[in-house]
Amino acid sequence: MIHALPKAELHLHIEGTLEPELMFELAARNNIQLPYHSVEDVRRAYEFSDLQSFLDIYYAGAGVLQTEQDFYDLTWAYLLRCQQDNVVHTEIFFDPQTHTDRGIHFETVIKGIHSALQEGEKKLGITSQIIMCFLRHLSAEAAMQTLEMSRPWHHWMIGVGLDSSEVGHPPEKFKAVFARARHYGLKAVAHAGEEGPADYIWGAIKSLGAERIDHGVRCEDDQQLVNYLVEHQVPLTVCPLSNEKLKVFSHLEDHNLKSMLNKGLLVTVNSDDPAYFGGYVNDNYRAVQSALSLTDDEICQLVKNSFNASFISTELRTGYLQQLENAFKEFQQHE
Ligand code: HPA
Ligand SMILES: [Zn+2]
């Protein structure tokens, strides 16, 4: 059933879709020496103890991305995985500073990603949006410079986000940057409440004007916050396999996705960095279906939420929700 339902993905770092095979291919193409001997060697290194231990390896891996073609190939490979998983709409993050800080032009990155997304819409019928994330371990000034640098390409982006090391880098640090981004007509989202406290979720909403919270699983520590998120239907883009791999929950069976869903929170299921966490979006759905004994109705609600939490037009949303309803009915008839 999970495969049969058309779905949207809303929390996906394009750099986190770099599979070891492509990493080797790009390293060879760009004459880059990798600190790994083989693809198996790379996969063995993907043992994480927390967010930071992942980020160190993830930023190093991104070093093989050099040319517009590299960013195109990376994005295209992800879109083919979307097609396999019946993802019909995706809103992807990219981290410009990871690339500009090592001398790659902003234009190189965005052009490669954007042209692959355009091709994806034409050839695969997958609609998409781009969200530019600021690295929160870097300064607010650096984020502001990145925002200014990106202005010629704002028409290709739906919004800005905030990622990287959470604890010690509260949302308030980026208040002015997000205010400016919103002034430019961009929407705001932010990673909050992944490893950081529920207070960071409040901060993302109040200081940054975030319309959607990435992760947000720590919200249950604060009942007033849960009430607010339910009342305002603020979407949470939850990433179960990521949370398991980065030890936000020790076991997937302990994950609070079902509990949040049953409280009426607008939770969605996403893959975050699938090449690093061992699964794309359908793998995430299947993992929680099994670990949390989700019913077919609960799975369908999560998928419905993915469209309702997205930044698509009302017209597209209506069409996708209709497709979903038809697919769900068809599945139930064949049961
Ligand atoms: O899950 C994440 N959290 C913070 N930063 C990130 N960068 C990629 N994935 C993540
Ligand atoms: Zn993320």
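Each residue's number is its place along the chain shown, starting with 1.
Heads up, the Cβ atoms here are built off N, Cα and C, so glycines get one too.
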According to TrEMBL, HIS11, HIS13, HIS191 bind Zn(2+); identify which of ASP85, ASP101, ASP272 is listed for that same site. ASP272
Taking HIS11 (Zn(2+) binding site) as the reference, which of GLU194, HIS215, ASP273 (the recorded positions) have a CA within 10 A of its CA? HIS215, ASP273
Taking every residue in the domain 'Adenosine deaminase' (6-324), what is their average pLDDT? 97
Minimum Cα separation from ASP273 (substrate binding site), reported as the residue among recorded positions HIS13, HIS191, GLU194, HIS215 that achieves it: HIS13
Who sits close to ASP272 (Zn(2+) binding site): which same-chain residues at least 6 apart have their Cβ under 8 Å from its Cβ? HIS11, LEU12, HIS13, GLY16, CYS239, LEU241, SER242
Candidates near ligand 1 among the binding-site residues HIS11, HIS13, HIS191, ASP273, judged by a Cβ under 6 angstroms: HIS13, HIS191, ASP273
Please go through the recorded positions GLU194, HIS215, ASP273 one by one and keep those whose C-beta falls under 6 A from any atom of ligand 2; give the result in sequence order. none
